[in-house]
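S.K.: Quick paste from TrEMBL:
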- 1-25: signal peptide (SIGNAL)
- 22-102: domain 'Cytochrome c' (DOMAIN)
- 35, 38, 39, 79: heme c binding site (BINDING)
């Protein structure tokens, strides 16, 4: 029983890890096509104080997938809404990519 549980946990970890890489690659592609013109390297060409760096995401309450999804979907201030341009799945994928990049320091 213990071996079975350990085997299942290892299998789940391998499957999850294997799925995460393509999703991040997809996120990078979506980001490059839709976000990089203003946010290249986690920066912000419109408002230099509001970057996609971890500390700024925390400071402005945008440090969760949900918060980034809302921002990207609805837009705010100078940032346009992408809800009509990107699918909900693409928006969630790019939100996960942004958080992963912020954790790595861009």
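Along the chain as shown, the residues are counted starting at 1.
Positions of Cβ are set from backbone N, Cα and C atoms, glycine also.
Can you walk me through where each of these features ends up in the structure?
M.R.: Here the domain 'Cytochrome c' (22-102) returns a mean pLDDT of 97 for the predicted model.
Residue 38 (heme c binding site) falls within a helix when secondary structure is assigned with DSSP. The Cβ of residue 38 (heme c binding site) lies under 8 Å from the Cβ of 44, 45, 46, 79, each of these being in the same chain and 6 or more residues away along the sequence.
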S.K.: So around the heme c site, 35, 38, 39, 79 aside, which residues have their CB within 8 A of the centroid of those CB atoms?
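M.R.: Neighbours within 8 Å of the Cβ centroid, excluding 35, 38, 39, 79: 34, 36, 37, 44, 46, 52.
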S.K.: If I restrict to non-local contacts, at least six residues apart, and a C-beta distance under 8 angstroms, what lies near residue 39 (heme c binding site) in its own chain?
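M.R.: For residue 39 (heme c binding site), the qualifying residues are 31, 45, 51, 52.
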